[in-house]
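Positions annotated as domain 'Casparian strip membrane protein' by TrEMBL: 25-173. What TrEMBL lists as transmembrane segment is 32-51, 72-99, 119-140, 161-187.
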Amino acid sequence: MSYLGVGVSPGNVPGSSTKMKLIDRKVRVTELILRCLVCAFALVAAILVATDVQVREIFTIQKKAKFTDMKALVFLVVINGIAAGYSLVQAVRCVVGLVKGSVLLSEPLAWAIFFGDQAVAYLCVAGVAAAAQSAAFAKLGQSELQWMKICDMYGKFCNQVGEGIASALFTCIGLVLISCISAFGVFRLYGGSKPRQSSRR
């Protein structure tokens, strides 16, 4: 079952079959590329944040900054790990679909992919928002609450976290685009049934 070919009778519309196949293939290739990019960006974000460590010596006492010190960064790492794994599985599904010439096996599967894409996208947006807020406090401090500008002490740590958050932001953008594609695929299934019914009359 394809995104664009459902409910269309190629025999009734001259030349529509080839055009639909070309558009359908472009949509599938675009989805595959986006899923691969999301997997790469999510993996880079998780690795950058998870491996970020900086040690400073203050009055002969060593203080180590690591991502587990901030719960928002732990959440970001976990969510990007999930996003990378999920995107890899979906990328494999896309490759199999391109080889076999079909993307969706059934309507329930189409809905499952749609809800999965939505859930992962929302989780990633939440993770980036939480990490960005924590990063803002670390960079700017909060004088009213007597919170220090931690990034003045741990500059390297903050810079690497910033790179991780930027990569996670690209992950979010990719997931939002993928969600649009999966939504288009689901609703196309139902939109295609109208021409089929009208052609019988």
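Including glycine, each Cβ sits where the backbone N, Cα and C put it.
Long-range contacts of the transmembrane segment (72-99) within the same chain, counting only residues at least 6 positions beyond its ends with a Cβ under 8 Å from a Cβ of the stretch, are 25, 28-29, 31-32, 35-36, 38-39, 42-43, 45-46, 49-50, 113, 116-117, 120, 123-124, 126-128, 130-131, 133-134, 161, 164-165, 168, 171, 175.
The domain 'Casparian strip membrane protein' (25-173): residue composition by secondary structure is 119 helix, 14 strand, 16 coil, according to DSSP.
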